[in-house]
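J.: Can you keep this structure in mind? I'll have questions shortly.
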């Protein structure tokens, strides 16, 4: 925007300068032409003054009829001079007079020569020369042209100053204080977690109880505390429990004597930390779940009861590592 405004100011200034040059050139030519046109008139005036001077000399030296002859012929001579002096005298005199304030270098004394040699009887002859001055309005359109020319030159810098005023605070912007980033608090590591996975029947069906119990026992689970099945360190049930298996239906318990029952699925869970290597225990847990699902015709699901995916398995492993690091 500043560049556009600067370009506009340059164009306006150039136009104003060109207008002033054209106006000055036009005025100079007009004044020069008026001076050339006034020269024949001045010669006529000087000739007329010489005639008047000769008549005055004759009047002073002559007597009688010569004086009467001068009085009788003076009006005739005045009429001849008035006829010889055309009206352009009034048309040229105003432009020369109006040009004086603009061109003080011009020599106006030439216009003042006739009054010095004009005698007293010739004064009534010069009065009608200055009386018809209604033709001066022709010079009126010249004077208003000079006034509006400098106006755009003085008015042009004003918007430039206004345009640069708002740029002062922008020139030296103060650096804003940069807010230091708040220290990121490390998420506290979990010291314990529970890994859960499910073995469920397909949608709209349930698992057979007798087939389910046989597959659970084949996977190494033994019925024990809380009426649920546990997988111990040793397949014969000795050693600490690594993970457990419960019924998906509340209260989650089993009755080994019941053969005729059905369930939508079972839940296998492992508490971390646990005995031994938790990652190896997790692999054994996943193998047991996959064995039971294959035997009963079910599927392995995650803790949200969604299809188990490799991404979810890696998430479980990351949780186990986090707990191990927190308890190291």
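Note that Cβ sites are derived from N, Cα and C of the backbone, with glycine treated the same way.
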J.: According to Swiss-Prot, which listed range is region 'Disordered': 43-64, 197-218?
T.: 43-64
J.: How many helix, strand and coil residues does the topological domain 'Periplasmic' (1-6) contain under DSSP?
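T.: With helix first, then strand, then coil, the topological domain 'Periplasmic' (1-6) has 5 helix, 0 strand, 1 coil.
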